[in-house]
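Here's what TrEMBL has on this protein:
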- 532-628: domain 'Histidine kinase/HSP90-like ATPase' (DOMAIN)
- 20-38: transmembrane segment (TRANSMEM)
- 195-216: transmembrane segment (TRANSMEM)
- 223-242: transmembrane segment (TRANSMEM)
- 254-274: transmembrane segment (TRANSMEM)
- 286-302: transmembrane segment (TRANSMEM)
- 308-328: transmembrane segment (TRANSMEM)
- 340-359: transmembrane segment (TRANSMEM)
- 371-393: transmembrane segment (TRANSMEM)
Amino acid sequence: MLRRLISPGHNIGHSMRAWLAFFFIYLIGAIYFSYFWLPELPEQLRLSEAHVIASPVTDPEALPLLDKKTVTLPDWDTPGQLNATSLWYLVSFSTNNVANQKHAVYLPRLSQNAEIYLNKQWLGNGGSMRQPVTRNRNHNLIFNFDSSLLQQVNTLAIHLVGEVPQKNYLGDVYIGPEQLLKNHASLNKHLHIDLVMVITLCLLFSSIFISILWLLRQSDTYYLWYAIFSLLWVFHDYNHFLRNLPIPTVLWETLSPIAFGYSMLSVILFIHRYEGRFSVKAERSLLTYVGTLTLPFLWQDLDWIMFYAYFIWSPAIALMGIYALYFLYDHYARTKQDRLVPIFMGGFAIIVFGSHDLLLALEVLPKQSPYMIHFAALLVVVVIATTLITRFVQSMNVVEHYNRQLQAEVHRNTSDMEYSYRQVQKLMRKYTVAEERQRIMRDIHDGIGGQLVAILANLDSGKVAQTQLKADIKYALQDLRMVIDSLDEESDDLPTLLGMLRMRLSDQFANAKLKLHWRVEELPRIDNFGPAKVLNTMRIIQEAITNAIKHSDADNLTISTELISKQDGTQYACIIVNDDGCGTLPTKVTGRGLLNMQKRADLIGGELFIDATINAGVSVRLEIPVSQHL
């Protein structure tokens, strides 16, 4: 892959070259801050020689002094050589003309924890000296004391404790003015503790934020895998600054490398889904590979866990990182998609800084070398999180763009539909007007027209009486008025319709000997009850009233309304015309008149019932469904 990358014939994009330049600048900066940023302390403050004794005693006066060994400080190897987790370093030094000021003993690097005695006077320790031992491997220790404790010849006793002999060591030891050493310790803490904590918090917040993005866009699963990756890395980074473990040491030393390994697996799954094209078979192989490598961690022996984690697990995980880089570069070389370059650089940073820390763990690099993997985490969280947020914003912009297009399209279609609807409405109005005109013409022709023709025929024959002629003309006018009334907007309200009919028939009621009983109550409006149905209803009721007046010989005529519901739940508005006459139907009614009434009832979608009882009168009942279909 590197040969392809640097070969003259291969065209590397401008974006790739820019990111490579940025990465090398970042790498140089990280090396500078890790190795050269801390100022050197004066050499005369450093203690360079000590006697070391491997002993589990907790009091320097109980030390077996005959078993001591002379070493040079810093001492990186003696604990492993002696296979000891508890050692005492006895350092003799002389002081002359010491200023009356606060002094301190300063340990910038040590493996785990230490306790300090000066001239048999206890100065303090870095935490628990018993299992579980406090972990200060990235924390410096500084112990203050008054200059009055110093003598011309002094003995400094340092009790060093750890849990794994091969990982136990004591770095430089300084003794001098408190303020000078405290300033250096503060810078040391900022570099090795505070910086890592800030990066870890950034990872944690980015994991939470990207998780929220995933909840908003669950179809984009690469958000989920990045969130898992960063969350697992957060757990791994706790190993750099956590002093007191919340769980047993062997379990912690198991979970920490596993978290790092599975974070690398998660970042590969993220890369697969971010690119969008990957082999499912390759992914299954990776899952099997990592799952199989995890099984040896089940043997919970601390020495085995430390050996397996550093010498087998970590190099195996590094191979996965190389696969991820190859996958990214291969897809970039084929597609030239610049969006892959930042992800590639993030992965490249993990490989470079991770390899540095792996060499440190394998003791290829000196033990005093600082860990640098957190610089990779910083670059990753900035690059990938920024890339994902940018992609999310771009996706939202695309969605908004298409929404605007859709809204514009909907607006255009709505305008077209509104125009079409207006045209249809215009045509429907024209059709309705034409249909209504034809209906009125038909009603006038069939009703008033026929009546006027009959009147003219009677006049021509010369046999018509004046009273009959007057009655025929009144009937024709009445019919014309009913046609006009049927066009009234309120005529679909049955009580109003009956009221208008009562007014039109007032002369007939006045001349008749029977008494009218009006029992019309409120009824719901009838759906789709147009002028044609109104006119047919009026003519049915008119015919029933006229028959009662002319033929029933009744004393009382009752017109009433009611609302009923039938078994199927349909509501009907009922108009009833009752008389108390002879109870016989004239031949005209039983013949053509009845047929006309029934035909009109069918036209309005209603039902007509006529009940005649001798000497009890005639009842005409018209039932009209309240809900009608067009």
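Placed from the backbone N, Cα and C atoms, the Cβ positions cover glycine too.
Long-range neighbours of the transmembrane segment (371-393) within the same chain, counting only residues 6 or more positions beyond its ends whose Cβ lies under 8 Å from a Cβ of the stretch, are 23, 26, 30-31, 34, 138, 195-196, 199-200, 202-203, 206, 209-210, 213, 217, 222-223, 226, 230, 233, 237, 240, 270, 339, 342-343, 345-346, 349-350, 352-354, 356-357, 360. Between the transmembrane segment (223-242) and the stretches 20-38, 195-216, 286-302, 308-328, it is 195-216 that has the most C-beta pairs under 8 angstroms. In the predicted model, the domain 'Histidine kinase/HSP90-like ATPase' (532-628) shows an average pLDDT of 83.
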